[in-house]
Amino acid sequence: MTDTSRNRKVRGSKIRSSRSDKRQSRGSEDKELKRLADARDTDSEQAGDRVGDAFIPDEQSFIETDAVARVTDRMRRWLSVDRPVHLIGPTGCGKTAVAMHVARTRDRPVVWVNGDADLTTSDLVGEYAETERISEHDQFIHNVVKRKDIVRDRWVDNPLTLAVQEGATLVYNEFSRTKPVANNVLLSVFEEGVLELPGKRGASRYVDVHPAFRTILTSNSVEYAGVHEPQDALLDRLVGLHMDFYDAETETAIVRAHVEAADVPVAAIVGMMRELRERLEITVGTRAAIMAAEGLTAADDPDADTVVDVCTDVLASKVSQRSDVEALRDVIEETLADRGVTLS
């Protein structure tokens, strides 16, 4: 008797999936899992590229006189022995510019962090900020659909973690404006060479610090409003370099590098701003001299009144009342008359 069971035709939909269908379904699921894993690996591999493009301000003109070189040489000395450098000084004295210059000359990626009172540890190291979903569909029985969704939290690295992993130079600007509790994560980085990621689960909670990783921090002096005094345990691990305003020759060179017009009396403007620095209770930094020189480039045939107007506008943001602006203008007029500044 001939067995024809394998040749029988069955009408209607199949009740069970064939082995090939099941293998194809599993293969699709495996491909999806592999795609997600590859995406995570690609993100990690491209971290170094993202570091160089996404987190640093544009490069500006940098003048290195003898006075500036003394600061940069000291910074490089400490960075060469893997000590974090903390630049402290009045606003507008050039801390950020020198920090970025030294960081760029290390020939390593540079990561930028700008501190403020709202900055948290998560803003520094990262957090679970994304989710990924994997869906599985199984029609084992023709009229029954089985669906399973797998939702996973996805960790997103923030600047400190990227810098630690890639051996970058971390420039932490306005470090002392961040509340001390947010900076506790730096303790283990500087002491044990390990970054702990609070909130992250599993073995990847701990990240070994790349041997090329370095840190430069900048802070205003403690008398400025909004400045938090960092905890002693962290300060004990930092090298502190106190900066002040540069000499007149250096300030003149810095201002001239920022102003393209050749007919602006840069030396006279710098001299006047240095005199105002002594006469006024507000801080008059090198940045103020740059702004004043830029303002004069936009003026047609500037005279003494124009100089007074420009200098008043530059410094008026540092006072709170109109009466203070009037007093400020009077001091500027007196200083201009005393110095006999000429615009030629």
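Glycine is treated like the rest: Cβ placed from N, Cα and C.
Predicted, not measured: the structure shown is a model, and the values here were computed from it.
Feature list (source: Swiss-Prot):
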type     : residues                                               : note
BINDING  : Gly89, Pro90, Thr91, Gly92, Cys93, Gly94, Lys95, Thr96 : ATP binding site
COMPBIAS : 7-17                                                   : compositional bias 'Basic residues'
COMPBIAS : 18-52                                                  : compositional bias 'Basic and acidic residues'
REGION   : 1-55                                                   : region 'Disordered'
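Features per Swiss-Prot, on structure.
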residue	record	CB count, 10 Å
Gly89	ATP binding site	20
Pro90	ATP binding site	17
Thr91	ATP binding site	15
Gly92	ATP binding site	19
Cys93	ATP binding site	22
Gly94	ATP binding site	26
Lys95	ATP binding site	24
Thr96	ATP binding site	21
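DSSP classifies Gly89 (ATP binding site) as strand under the three-state reduction. The ATP site is set by Gly89, Pro90, Thr91, Gly92, Cys93, Gly94, Lys95, Thr96; from the centre of their CB atoms, other residues of the chain with a CB within 8 Å are Thr218, Asn220, Met243, Phe245, Gly285, Thr286, Arg287.
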